[in-house]
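What follows is a short report on a single structure.
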């Protein structure tokens, strides 16, 4: 046993020496922390994508003649492990930029207890919790927090756009009684009010109940022009049939959770003529297609897992901003350069080695660029949140039909108007 | 207020129907049967099969009886389903509960009933799939009974309420006016003494399962008529039906009827005072409240006394 331990120690020492060796070789390597759940199957490609971007940017010129050195650590989607990883990166590797992570439950403690207090910038590919928006709005993150994943706010905003465009004056909300439902119901209520649609009632639907008559009666009492349903098909069938039979309006706006043939068949096509659904969408831009092609060429398979274009864009934007800020920049300096990379007025650059080369040159000259990535032209709001394009859909005879594509700009403009 | 009250009564009638059989089975066989509510699912799905079959064989039966969505095919199917469900309840007893009764205690019966519930639910899923099924694709629109205060009722609901009350009345007459009814009550009161008096216990147990199964099947069909069929419908009924049984007092048929209405009405009215997210807790609150005041339920008797 003792010998084994000595063996380990020797190995560890060797490893440290080897690391020191590489560090010495590229004298001025700039370390960047990357924390993703690499021990989980869907986490691995997210991390690989971030490392791939690092290589591409190094190939495009790196930072002030130096290379970025991505230090990858696994968070196992566990808050304790994630915080330890972030602490090690910030305290020992002295990184000023940290990419990560996926689960909001891990990202939040990393952000609030490690990176933000240390003044390190953090950008995540995939955390969707609305709690992060609140934390940013409270000022805890000091503007050091960004993410390239749209929150439920996008769907809520689109519902409000649809309600406004349909001329509804009042709306009643029925929502699933869980984290997601409560979150989106709250967001939607704010969005409807911003769009000039009065919310006259909000009723929770708890799943597994034998009857929803009481809940539906309650919601009906408000006599709204339309109803917003953030529920799942299972209880949705009961609720909607009850709703319609009691004379509720057929003007229904539903979330993407109701995108289900079972729901359509059980409720009946003829009652769903005025149903409008919402969903987020991948952007219909050349840059999104280019990402898919480039990813397929790099990894030999199409990007099918969650968060891959988001991981690509998070790494690209963060590293370009870092390069623009210079190798001695602190977290706040990097964060300050992010708007230069995502400036809609800037020159459009793509997520390729050529694009990055051009971007690095322009940024050095003090000019801003508009990065066009796997999730389109990314723009962050004051809380580091992004918007995403959305689609409105409806039930058709052949299944689910897309009715309208709402580009990023329109969603973004609405969300800006809400913030005011 | 009036609307919530009426809704509560309509929902409550289904709970009552299911609770009658439950209270008898619990009292006579002395165990909490968690698989009992699955009989609603069996009844509902059996009626679905025969409804389709009858409507296909005799198309004239498949026409809805205005203003209901109910068809004659479904009426016949319901009667068949009541027999089938009663028979399957007897079958479960013969296959599982009777054997366990012979050698183990009540707790083993409770666990066995969980197992039976799981099996029934999954067999239904296996045959019919997870998706919701309906007797009629039409949505029966509610009729406005009064505008101020607003009162909306579906014709189907009135029908299910009347039919449930008729079934309860019929059962009441059987219990009070027939020798069979006396025997049934005697067994419920004291199994040993009734055996001494010449009542055959085993045939009474079979009868209780048949009656309970039949009434549950009717409750299942009535529920599916006003809502929809899904493999978990029985599961969703476990708690309200248990609540109705306990509130009424285990063993009391009239208590079960009253308990069903109390649970239904209380769940309906709860929304007026509680946020909608908390109303599913209502049946438990009722159980606690009743047991604190009357530990044996409203009509229950102290067994040990």
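Using the three backbone atoms N, Cα and C, a Cβ is placed for every residue, glycine included.
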What range among B:109-128, B:129-148 does TrEMBL record as transmembrane segment?
B:109-128
Counting a contact as 3 or more Cβ pairs under 8 Å, with residues at least 6 apart in sequence, do the transmembrane segment (B:12-32) and the transmembrane segment (B:201-225) touch?
yes
Can you tell me which recorded stretch out of B:44-65, B:109-128, B:269-293 has the most Cβ pairs within less than 8 Å of the transmembrane segment (B:201-225)?
B:44-65
At a C-beta cut-off of under 8 Å, are there same-chain residues at least 6 beyond the transmembrane segment (B:269-293) that contact it? List them, or none.
1, 4-5, 8, 239-240, 242-243, 246-247, 262-263
Who are the chain neighbours of the transmembrane segment (B:158-180) in space, where the CB to CB distance is under 8 Å and they lie at least 6 residues beyond its ends?
9-10, 13-14, 16-17, 20, 68, 70, 207, 211, 215, 218-219, 222, 225-226, 253, 257
